[in-house]
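Straight from TrEMBL, the features:
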type	residues	note
BINDING	B:27-31, B:H92, B:R126, B:177-181, B:208-213	ATP binding site
DOMAIN	B:24-255	domain 'Phosphagen kinase C-terminal'
Amino acid sequence: MICQDCHQNSATVHLTQVINGHKTEIHVCESCAKEKGYVSEEEEPYSLHNLLSGLFHFDTSAMEKNSSNQTKLNKELTCSKCGLTYKEFTQVGKFGCASCYQTFGDNLNPIFRRVHSGNTTHEGKVPRRIGSDIYQRKKLTDLKRTLQQLITDEAFEEAAKVRDEIKSLERDLNQDGEGEA
Amino acid sequence: MGLEQFINEAISPWLKQDGPDSDIVMSSRIRLARNIEQIPFPIVASQDELEGVLHFVQNHFNHQSFEHYKNLEFVQINELTTTEKQVLVEKHLISPHLANKSNDGAALISKSEQLSIMINEEDHVRMQLYFPGLQLEKALEEAFQIDDWLEEKLDYAFDEHRGYLTSCPTNVGTGMRASVMMHLPALSMTQKMNQMIPAINQLGLVVRGIYGEGSEALGNIFQISNQITLGRSEQDIIENLKSVVQKLIEQERHARAVLMDQSELALEDKVYRSYGVLERSRIIESKETATCLSDVQLGIDLGIITNISKSILNELMVLTQPAFLQQYAGKTLAPQERDVFRASLIRERLTLEQKEEF
Ligand SMILES: [Zn+2]
Ligand SMILES: [Zn+2]
C-alpha cells in the first residue's frame, strides 16, 4: 500500500478518523504521518493538530455568521491556574494543567467526541485512594438503579436488602463528608 | 567485553522469556498516563515545579520494590550520555520525547526491565509494563496494582466526568495505551495484511509498522494499539484489542500453513538465503537485516531451521540498532561504519549459536 499523501513511500501508519460523523480511512507513511500530525514522535496514534485546526476554522465561520457572545466568550476563555487560553489550546493541542479541563468545560465535548469516537465521559478506573468517594457514589447510583428494577419486578424481599445497603452506603458517605470538613 | 556478556547485559531479562503465542506475538504492553494534582503539566510547569516532582519521586520510590518488581532504579536523564539515552530508547524503556525533549526527565526502571515509570515526560507519570507474548489481562492487572501503589504517595489529577486528566486530549479518560507487537511474515508476504488493516482500523485500533528510520514496516513487525481512551473501560479496550490480535494470530498461522503446503521449497530457499546473508555478509544495512531476520525467524518457527534460538528476532532487532552498535564498539560510528559493525555483530552472534550446539 502506497502513502496517500506523498505517493512515494509505503504506508505504515493506518487509522480511521471520524470527520463530520463519517469514518475516514487514513493510510500514510511514517514521515507524512508525523508531518500531518496523525502521529507524534512517540507512540500516540495521532496528534490533535489537524483535528483542532479543523474545529477552529469551524468556530471562526460560526462567529462570522452570528458573532454570538458565546463564541466570543470561548475565544477569551483563560485558565486561571496556568494562563493557557482556549485559542492557544486549539493551536497547541495540549492542556497546560488539570484546571484547563474545568475552565474549557463543555467546549471540549466536540473535540473529545471527534477523538474518542463520540465519547465525552470516562468509564474506567477510579483512583483507589482519592477516588474512594467517587467509587462509592458510583456504586450508590448503580444500587438505586437496581432497586428501581427490583421494585418494578415486584421482588420486594431483595429490594429490601438493596434498600438497606443503600442506607448504609449513604451513611458512610455522609460521615466521610463531615470528617473532611 | 565479550559478545556473550554484552548480549546478556543488553537484552532485557523479560525478553528472554517465552509467553503465550510468542511465535507471533513478540510482546504486550500497557501504558498508563497520570498527572499530579495542583502541579501544571510538564509543558507548562516551571523548572522548580518539575524538580519538585523529580525529587519527590526520587525520595519516595528510588530503590523501592513492589511485589516482584524489585529495586526500582531512579535514572535521571540529564546525567546520561547521548548514547546511554539512545540505548534506553532502543530498549523501549524510555520514549524519544523523554530522551530528547524533557528538561527534568527521569525514569524508575525495575531490575527485570519489565516496568519503567517515566517522570516529567508529556505527563508527570507514564508507567509502562511489558510482558512476553500475548498477556494483556495479566499486564493490565499488574499495571493497576502498580498504579494503586504509586497513588498511595501521589495525588492524581482525576475528574469524575473526564477521568485521568492528561496533557494531550488523545489520552484523557483511562490514560491507557495498550499495544501488542506482532511478527506477521506470512500475512505480509501474501499481501493479506494490507487487506486486513482497514477492518482493524474500523474497530478503533491503530496499526503501525515499527522499527526503521524512514517509512517502512521493517521485519514485518507491526504494533496494534487502541486509539480511544475515553468512554470505554480498560477491560473493554483490552478485550477488543485481544480479540483482534487472536484473529490475526489465527490468520497468520493459516497463511504459514498454506505457504508450507503450496510452496515449501520456495520458502525454504528464501529462509536459507537470508540465513546465508546474515551469516556471511561484511556490510549490512538495518533494512536488509530486518528482512533477513524476519525470514530466519519464520524458518525457525516453521521448523526449517533448528539450530538457532527462538528469540533471535527479538534479540537482534534491538542489538543492531545504532546506539547499541556504538555501545558495543565503544565509540561513535558513522552510518557506513555501523553497517560494518552490524554485520560483524550478527556473524559473531550466529557463531555463538553453533558453539552452544556442539
Ligand atoms: Zn508519505
Ligand atoms: Zn490550565
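Positions of Cβ are set from backbone N, Cα and C atoms, glycine also.
Mapped onto this structure are the features recorded in TrEMBL.
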| residue | record | DSSP (3 states) |
| --- | --- | --- |
| B:S27 | ATP binding site | strand |
| B:R126 | ATP binding site | strand |
| B:S179 | ATP binding site | strand |
| B:R208 | ATP binding site | strand |
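When each of the binding-site residues B:R126, B:R208 is scored by how many other Cβ atoms sit within 10 Å of its Cβ, B:R208 comes out lowest. With an 8 Å limit on C-beta distances, the binding-site residues from B:S27, B:I30, B:R126, B:S179, B:R208 that reach chain A are B:S179, B:R208. Around the Cβ of B:I30 (ATP binding site), the number of neighbouring Cβ atoms within 10 Å comes to 27.
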